[in-house]
Amino acid sequence: MKGLSSLINRKKDRNDSHLDEIENGVNATEFNSIEMEEQGKKSDFDLSHLEYGPGSLIPNDNNEEVPDLLDEAMQDAKEADESERGMPLMTALKTYPKAAAWSLLVSTTLIQEGYDTAILGAFYALPVFQKKYGSLNSNTGDYEISVSWQIGLCLCYMAGEIVGLQMTGPSVDYMGNRYTLIMALFFLAAFIFILYFCKSLGMIAVGQALCGMPWGCFQCLTVSYASEICPLALRYYLTTYSNLCWAFGQLFAAGIMKNSQNKYANSELGYKLPFALQWIWPLPLAVGIFFAPESPWWLVKKGRIDQARRSLERTLSGKGPEKELLVSMELDKIKTTIEKEQKMSDEGTYWDCVKDGINRRRTRIACLCWIGQCSCGASLIGYSTYFYEKAGVSTDTAFTFSIIQYCLGIAATFISWWASKYCGRFDLYAFGLAFQAIMFFIIGGLGCSDTHGAKMGSGALLMVVAFFYNLGIAPVVFCLVSEIPSSRLRTKTIILARNAYNVIQVVVTVLIMYQLNSEKWNWGAKSGFFWGGFCLATLAWAVVDLPETAGRTFIEINELFRLGVPARKFKSTKVDPFAAAKAAAAEINVKDPKEDLETSVVDEGRNTSSVVNK
């Protein structure tokens, strides 16, 4: 693989060569401008209003300038692509430290969602919350939040997330990633007041629905921003950091809830304090995001090339000519990728995600990939405290188990970073599902026994499930859903995929509530059989349909999908996404300077088209 320094040196040599050519010969554009001036004296229009159109680049006497320029830009893009693919991790960190830092900052917004969704499930096991909002179970003598309200509260925040995700698409199109995130943080800070001053489950439902809207925004933009602002060598780490933020949020929630159980067991602060702590995040995050660079991919799609260049400069370390050349080559690569996608369709709408076979396949894979987080039984982990209580452990022990579980999840995500150097995306996804299935079947078997040891064993194995989930499918999904879509449709595809997840999550939540609640199905640990089966079904889909994207740049992934390469052959298939563009450049019919030159003429407020004969 060609090194980054040699790549920059070749670029310098080409620039020096062009300067020599300009000094030793007459520039073709200058020659033609003289000719145009002579023609203007004989014509009726004012040459001061003449504008060149997109195709009006004039070749030199050898008829080589246009192909050379196109081929050079394509070569720069290809070399930048090769450099990105072969860049070691430490080189990437030294070259893009600012990009990594900005990505970490933006992804930290997900801590809030992981925190709030975790405390909601933990409230169902908190005695003061149960007595305040629950009803007495005549069979057990304990207070419980009814299944209907548990389902309703879950549906409310998921409905809010669906609405928020759909609003994110047009908002990003209009104002970009940064200002959309800042606006979402502002609204979240306002909506938390409803939760803090709640007087009934109805108020909590309204607060959850409204808070779900900014959470939906965070779900989409953290992943897309990380994938677009960082190079391939950092992409897995910074997209899967989203999962780490979820785990941190859940761990914070478990620690806060254990504190509430110990210190505020009979006080409203037991649930008000966890709500109030959410105000810690919005202001500092909004200030940080305000100073973050906008995604250069979004800026190029909007035609703001100069701003995209400045954004790239802010993500790279170093200074001087070498940095400028690296920025130029990276910009060429982004423009080439987007131009190739735009040739397939001029617009980037939700309909484009499904209207043709290529994008329909990519959207399907992204949706089913994220749905896998539901169908693998991971939602049972979110209700772990409630599950542990139903398994027969004390409330205090249940909260302790939850803390251990989330710590294991964080450790597993870090291990997945190490494993990603040796395993592909598909490998982590598939092996994680296989191990989860085994653990769930064992949990189901233990659920058939009423002994204390069996109950404790099922609770301990749920921690093992959480470990394998956060080692495999949980983090890798965040990377896959950012790599599978085209750059032009990335935000919209992620929105559709996450909303597919949210819709299925509604069904999964209802099932879990019925499986665990003593007044309904009361399956308890036996629900492991159910989720073990769904893990195997999800694994079967992955084997057939989920491609391996590890080590592939965005433009390579585009080409693999364009060629219709089967999922299991993605890893071994070699492609040259620049070959077609090179061929097109070589076939350009360059006109002789003596032939007609078509230009666009703007004459005194009206547009006309003229052919100037030289």
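Using N, Cα and C of the backbone, Cβ positions are placed for all residues, glycine too.
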Look up the topological domain names in Swiss-Prot for V106 and E483, then state whether they lie on the same side of the membrane.
yes
I'd like the per-state residue tally for the topological domain 'Extracellular' (386-398) from DSSP, helix first, then strand, then coil.
9 helix, 0 strand, 4 coil
Could you tell me the mean pLDDT over the topological domain 'Cytoplasmic' (294-364), as a whole number?
85
Per the definition of 3+ C-beta pairs under 8 A with sequence separation of 6 or more, do the transmembrane segment (237-257) and the transmembrane segment (399-419) touch?
yes
So which residues does the transmembrane segment (365-385) touch in its own chain, when a touch means Cβ under 8 Å and the partner is 6 or more beyond its ends?
117-118, 121-122, 124-125, 250, 254, 257, 398-399, 401-402, 405, 409, 429, 433, 436, 440, 462, 465-466, 469, 473-474, 477, 480-481, 484-485, 493-494, 496-498, 500-501, 504-505, 508-509, 512, 516, 527-528, 530-532, 534-535, 537-538, 541-542, 545-547
For the transmembrane segment (145-165) and the transmembrane segment (203-223), check the count of CB pairs under 8 Å (sequence separation 6 or more) and say whether it reaches 3 or more.
yes
Folded-back contacts onto the topological domain 'Cytoplasmic' (482-493), same chain, C-beta under 8 angstroms, at least six residues removed:
168-169, 172, 220-221, 223-224, 226-228, 235, 239, 297, 301, 334, 337-338, 341-342, 345, 348-350, 352-353, 359, 362-363, 365-366, 369, 425, 547, 549, 552, 554, 557-558, 561
